[in-house]
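What follows is a set of notes on a single structure, which appears directly below.
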Amino acid sequence: MHPREQTIFALSSGRPPSAIAVVRASGSQAGTALRKLAGAIPAARTAKRVLLRDSVGEAIDDAVILWFPAPASATGEDIAEFHVHGSRAVVNALIAALSSIDDARAAEPGEFTRRAFENGKIDLTEAEGLDDLIHADTDRQRRQALRQLQGLLGDRARGWRKELIDASALIEAGIDFADEEDVPEDLARPALEKIAQLRREIEQTLAASARGERLRDGLTVAIAGPPNAGKSTLLNRLARREAAIVSPHAGTTRDIIEVYLDLDGYPVTLIDTAGIRETDDPVEQEGVRRARDRVAKADLVLWLSDDHGGEPDQTIRSGETSLWLIRNKIDLAGPENDGAKPGRFETKAGQSAPPWRFRISASRGDGVDDLVSALTAFAEKLLGSSEAGVITRLRHRNILRDAVASLAKAETLAGRGDELVAEELRIAIHLMGRLLGRVDIDDILDSLFKEFCIGK
């Protein structure tokens, strides 16, 4: 039997031990599994308490079972669910009993979702939304992923595809029945009006695409500066834990340290880098090289210095990354800090602005709240709200850009031959099929479903 035709099973809940464990089976032998382990198939969608037994009659557990017959199930196949006590021993015994059933095997990662897709229960954009939901770290990411899973982009793409098919039908009718007297003379005009409208709608969706993609991926903020400027101390203060080793000796941090922050629902990866300076130490040189590399790729650089100086060099200043200069250690005595208030620096009338944007004490926390508020506002400006993201992946953007190009070409070809316009519409319709996962997507499926956990 082909693997796609076999019944699959897996633990679908969290890893044991737990209060309850859910083991799910999907496929033609799901009903057989219920009969062999529980004695009978219960009424559809009705929970039933039973004593599960293995093939030799040994009791496995006092469990609750459910039956979801095809096609009205999550995968479109027969599904059996076993809700058992969540010990490793119980789960292992149940998995072993299911393994003894003919044509049943353990599921691969994402295989339940793949079968749901292949049986038309979800489209590819919804499967991608489920993947994003599983991997969501913040509430804004969760809301965006849930909207995708519920068909936000898929419904829109299906609507566009239908409109394109309608426009194509008008063009094709004009070609096929050009000599018929009862066919209107200019069927292309309403078709071209529809094409122009669709192109504008897709362009508007693309215009907001960057925010959806960036919210999914999150922002990267690098803490950089000279050695012993307090970078690791600031990282620990923002992370609210001891993520990096702090030492009074310069050059303690040699490698990149990353921590994750949730700033009001915005995902931020915070990076602590090695102190940037000239050095003869080959290990420290590698740390400085890596620091410069991550600084160049970050969305924002927090450059820390103290009253001993340490301004960023021209390479860092001239980069495309946003740069905030921060004066740290204001709790220490020094002419630069006399009378200085922590937080964002406000320039008074007639006063020249200093090179730094914030004054803080990372060790005491002075001014850090203002810095966090500014970071949150920065993230909000770049990422927007979760409701803005219709396009959340580069795949979506590339396909829709190609569709816009085909529609624009169809408009320019108007008057040169309806056959040329019809061909561009066929390309655009095909692209909508790719977006929904109905054509030319085997390589995409293999990559996507491998990201899912086993049992999903």
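Cβ coordinates are placed from backbone N, Cα and C, and glycine is handled just like the others.
What Swiss-Prot records for this protein:
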type	residues	note
BINDING	R24, E81, K121, K456	(6S)-5-formyl-5,6,7,8-tetrahydrofolate binding site
DOMAIN	218-380	domain 'TrmE-type G'
BINDING	228-233, 247-253, 272-275	GTP binding site
BINDING	S232, T253	Mg(2+) binding site
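Within the set of binding-site residues N228, K231, S232, A274, the entry lying nearest in space to R24 ((6S)-5-formyl-5,6,7,8-tetrahydrofolate binding site) is S232 (CA atoms). When the C-alpha distances from S232 (Mg(2+) binding site) to the binding-site residues E81, K121, A274 are tabulated, the minimum falls on A274.
Restricting the average to the domain 'TrmE-type G' (218-380) gives a pLDDT of 76.
K121 ((6S)-5-formyl-5,6,7,8-tetrahydrofolate binding site) sits 56 Å from N228 (GTP binding site), counting Cα to Cα.
K231 (GTP binding site) falls within a helical segment according to DSSP. In the three-state DSSP classification, K121 ((6S)-5-formyl-5,6,7,8-tetrahydrofolate binding site) falls within coil. Annotated pair E81 ((6S)-5-formyl-5,6,7,8-tetrahydrofolate binding site) and N228 (GTP binding site), C-alpha to C-alpha distance, rounded: 57 Å. Fewest other C-beta atoms within 10 angstroms, among the binding-site residues R24, K121, K231, are seen around K121. Under DSSP, A274 (GTP binding site) is assigned to coil, being neither helix nor strand in the three-state scheme. Counting every protein chain shown, the number of other Cβ atoms lying within 10 Å of the Cβ of E81 ((6S)-5-formyl-5,6,7,8-tetrahydrofolate binding site) is 20.
The number of other Cβ atoms within 10 Å of the Cβ belonging to N228 (GTP binding site), over all protein chains shown, comes to 22. By a simple count of nearby Cβ atoms, those within 10 Å, the most crowded of the binding-site residues S232, A274 is A274.
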